[in-house]
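Asker: Pasting a structure here, questions to come.
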C-alpha cells in the first residue's frame, strides 16, 4: 500500500491524477445510467443502449489510463507506440460490450461474472497500453504486484455490477459508480507501482513513437467525450428520476384510491401501505414502513404460505391499532419492480360480509319481524331438545297458536298495524314463558310454544289457559284498541309424537279442532283427529279429481209465487256423484272447497251451467245461484257473471245471486262495489239465511237488496211458537217497507204455507213446493199449472 502511495505522490502530477479520477467518476456514472436504460429494453433498442454503455465504459477506462500516464513522470524521455495505443482503445470497448450485455437485467452471480469480465477487459487495455509505452531506458516488472492489480481490477468491477443489480435505482447507480471507479484506479496505480524504470543514457526513443504532446489532444478529446457523455447521462438520470417520481406519485394515487387495502412487501417486511390499510388498522404510514408481516397479519403460521402464494385467497386476521383482530380476505401476488421481485398483498375487509352472513344465518332460522325462531329454527331447537330428552327422558308440550280476528285487523287497519300487533303478541308470549321454554312464529298469525315441563298435561293446561287469557287482553296500536284472542292446539311428547314434524302436525290438528269448536279455546290432540284429517285430505284430493272428471251436476229446487200461485223460479243446488261413495252432501265438501279456494272454479262452473240450462227453458223463470264469500272477494267475478250470461244467451234480469251475511261481515268497500257492479249488469241480489247473523238490519241499510230469504230455522215451529211467527211477520213487514221481496225457505207443510201467505210473503220454497229436480224435470214443472 505504501509503495502505491509513493508511486502516486512521487512519480505523478497530482493535478493530472485528480483530473483522471474525475474523468473516471463521470464516465462510470454515465456507464451505469446507460446500463439501466438498456436493462429495461429489448431488441435493436437494447443493443444501441448497450453499445453506448460499452463506449462510455471503454472511453472512461482508456482516458483515465492515458491521462494518468500523462501524469506519470519517469525522469527520462517517453512516448507511445501508435498501433498498440489505438488497439488498447478498441480492445476495452470490444470486451465491455459482451460484459454489459450479460449484466443488463441480471442479478446475483450472473451480474458478478459480467463485472469480472469487464474488469479483465480493463486490465487487458491497461497492460496493452503499457506495452505501447516507450522510454529511454528499461522497465522491470514486479509480477506479484501485476497479479494483484489484475485481481483488484476484476474484483471491484464484479462488486460494482453486483451492487447495481441488487439496487436497480439511484442507490445502485451510485454504488456501482464508486466501486467501478475504485476498480479502474486500483488496477492502474497498482500496476504502475509494479514497474521500475531503469534509465539508459545511450537509449533513444524509437522512430514513430508519439510524444506526450501528440497523445494529449486525443486524451483531451476522450476526456471531453466523457464530460459530454457524463452530462448527457446526468440529464438522462434527472429526467428518469423525475419520471420515476411522477410515476411513483401516480401509482401512489392509484394505490391510495383503491378500495381494498394494499401492502407492498420486500420479503416479509412492509415497504409501503396504501390509505385503505391505514384507515382499516388505524396506523399511519411510518408505522408500517419496515414492519414485519407477523406484526400485522395473523396467524403467524400463515405468513410463509402467503409469501409463497400466487393469487389464491385466504381468510386471515388483520391486527388493528388497539388490538382488534379484523377478519380479512387476503390475496398475494409477486411482481417485478425495478428489476427486483416484490410482493403485493391485497386485503379486503370481511366485517360487512361476516355481518351479512350472520344476518342470513339469523334470517334462515328466525322471523325478521318478531325476531323469534321461525319454523326451521324451531325444528333445530326441537331436534336438540329431543336428543337431550331421548337420553334423559321427560315429557314436554307443544302448543300451536292461531290468532283470532287478526285478519280483520290487517284488512281494515293495514299491514303496518298488523305487524306491530304481531310484534306485541310475540313480546307477550316471550314474557309469559319460563326460561328454557321456546316460542316461535310459524308464519302469518301462527305461533308455536314448546313447554319443557314434566308434569303434563296439567302444566300445558295451565299454560294454555294463561295464554288464552293473556292474548284476550286489549292491545293498543297507534291509538287503536284491538281485541283479538287465540285458539290453541296441544300435542304432548312422547305420546303424540317422537319427532318435531309429527308433534307440529298433531298440534296443528288439535288447533284445527279448537278453531272449529269456537274461538278462544284450546284442545289436546286425540287420535281420531288424525283420522278425520286424513279423511279430509283424501276428500280434498277427490274434490280436485271431481272437477276434472265432471262428477258434479245441478239440481233445481222450485220457488212458488204466492201471488200468482205459479212456479216462477228455481234455486240451483250442486251435487257430487262420487264414483265409489255415491252422492256426497254439499255440507261435506262446500266448507272444504271454501277453505282450499276450490270454491272459485267450482262456483264458476255452477254459474255457467245454471245459466246454460235456464236459458233453454220455455218459461223465463228466475234462476238463483249461491255465491260464497270467497267468490265475492275474488277478482274478476263481475266479468265471470257477464261472460256466463252472454255465452248462455240468458237475460241477466233472470239471474238472482244469493249471498249470506258473512259476505258483508268479512267484506269491505270493495265487496260492496262488486255487488253494485253485479246489480248494474241487471242481476238481482238476494240476502240468504236472513236473521241468523249479528247485524242483519245494518246490512239492509248498506246495500239495496232485491230479495230477503228468511232462514228455515224460523219456519219449523211457526204454527206453535209465537216468537217465530212474530219474527217472520216483522221481517216480511220490513221487506215490504224497503220494497224488497221476501222468500221463506224450508216450507214443508200446508199449515206453514198458509201462515206465511197470510203474513203477505211473496215466495215460498221447500219440500212442500218441490224437491230439487234435474234440469229436464224442472223445465217440465214450469209447463204444468199449480193448483192453489
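Using the three backbone atoms N, Cα and C, a Cβ is placed for every residue, glycine included.
Unlike curated entries, TrEMBL annotations are predicted automatically.
What TrEMBL records for this protein is below:
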DOMAIN    12-198  domain 'MHYT'
DOMAIN    394-527  domain 'GGDEF'
DOMAIN    536-786  domain 'EAL'
TRANSMEM  14-37  transmembrane segment
TRANSMEM  49-72  transmembrane segment
TRANSMEM  84-104  transmembrane segment
TRANSMEM  111-133  transmembrane segment
TRANSMEM  145-166  transmembrane segment
TRANSMEM  178-198  transmembrane segment
TRANSMEM  218-238  transmembrane segment
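Just tell me what is around each of these and how deep it sits.
Answerer: For the transmembrane segment (84-104), the list of distant contacts is 31, 35, 38-39, 46, 50-51, 53-55, 57-59, 61-62, 65-66, 110-111, 113-115, 117-118, 120-122, 124-126, 128-129, 131-132, 161, 164-165, 210, 215: same-chain residues at least six beyond its ends, Cβ to Cβ under 8 Å.
Same-chain residues lying 6 or more positions outside the transmembrane segment (145-166) and placing a CB less than 8 Å from one of its CB atoms are 3, 28, 32, 35-36, 103, 106-108, 111-116, 118-120, 122-123, 126-127, 172-173, 175-180, 182-184, 186-188, 190-191, 193-194, 339-340.
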Asker: Going by DSSP assignments with H, G and I as helix and E and B as strand, what are the residue counts for the domain 'GGDEF' (394-527)?
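Answerer: Residue counts for the domain 'GGDEF' (394-527) by secondary structure: 60 helix, 37 strand, 37 coil.
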Asker: Give the nonlocal contacts of the transmembrane segment (111-133) in its own chain as ranges (CB under 8 Å, at least six residues past its ends).
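Answerer: Sequence-distant neighbours of the transmembrane segment (111-133): 57-58, 61-62, 65-66, 69, 78, 80-85, 87-89, 91-92, 94-96, 98-100, 102-103, 139, 146, 149-150, 153-162, 164-165, 183-184, 187-188, 191, 195.
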Asker: On the 0 to 100 pLDDT scale, where does the domain 'MHYT' (12-198) sit on average?
Answerer: 79
